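Asks: Following this message is one structure expressed as structure tokens.
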Amino acid sequence: MKRYKNVRNRDINGILLLDKPKGISSGLFLNKIKKLFNAKKIGHTGTLDPLATGMLPVCFGKATKLAKYLLHSDKRYKVSAQLGVSTDTFDSDGTIISVSPVQSNDYILEQCLESFIGIRNQIPPMFSSLKYRGVPLYKYARKGIYFPRKPRSIHIYNLSLIKKTENIIELDVHCSTGTYIRSIVNDIGEYLGCGAHVIELRRLSVGQYISSSMINPATLEAIFYNDSFDDVQVFCKLDAFLTPMNMIMLELANISNEKC
């Protein structure tokens, strides 16, 4: 059954809180969601690496004008990192560039994590979607071309150890927008003198939106591919997952009042 045959892209408005799966870029994932909803206008509020999973708020229609508020909201992550191994991308998708023994103890690790809390400068990684002369930096990096990057001010509100198993550490990170978790992990590895890289990364919240509100994209696909539903029924069922504009505006107003 071919969906939406001879149906124009729809003008729909709202925010969809999606749980991005592992192994797909935010851009490709966004295109997939756009096709499922047959939406005319869509945008997200900050990319997640292909390796990463978790909260990706997707804005439809008029809600795209409000995306900047979420883009500049603080974020919370759970990250697992392997100590003793460094990669060129700072995560397990990259090439291993060094292997070193891990000699730090729990006390040194706690001191390390505490040193990151607060306002600090962070140099964005070359393997990132930031652009130089209109070209993403990661495309240069893949060719072995590296450029100096200007440090950016970030704020780490919390960086705490959840658990440690041999050379694998699991961390809770609450940070400002624009923070690269991969770079934090790489810097932790440098502090400890052994190197480190991200092996798992999950975004738990964006601003006021938390992980318990997320929708699994498999739920949306099950509706889309259900032959017992016609297009109108599919639209109704999918649209029910959207946070409507009036609720979004109310939430933003409440946030503004809390900051006053």
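Cβ atoms here come from the backbone N, Cα and C positions, even for glycine.
So Swiss-Prot says this about it:
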ACT_SITE  Asp49  active site, nucleophile
BINDING   His44, Tyr77, Tyr180, Leu201  substrate binding site
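Could you place the listed features in the three-dimensional structure?
Replies: Around the Cβ of Asp49 (active site, nucleophile), 22 further Cβ atoms fall within 10 Å across all displayed protein chains.
For His44 (substrate binding site), the count of additional Cβ atoms within 10 Å of its Cβ stands at 22 [all protein chains shown]. His44 (substrate binding site) falls within a strand segment according to DSSP.
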Asks: Have a look around Leu201 (substrate binding site) and count the other CB atoms within 10 A of its CB, chains all included.
Replies: 23
Asks: Given that the record lists His44, Tyr77, Tyr180, Leu201 as binding substrate, what is the largest C-alpha to C-alpha distance among them, in Å?
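Replies: Pairwise Cα check on His44, Tyr77, Tyr180, Leu201 gives a maximum of 18 Å.
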Asks: Report, as a single number, how many Cβ atoms besides its own are within 10 Å of the Cβ of Tyr180 (substrate binding site).
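Replies: A count of 22.
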Asks: Take the C-alpha atoms of Asp49 (active site, nucleophile) and Tyr77 (substrate binding site) and report the distance between them in angstrom, rounded.
Replies: 13
Asks: Taking DSSP three-state, what's Tyr77 (substrate binding site) in: helix, strand or coil?
Replies: strand
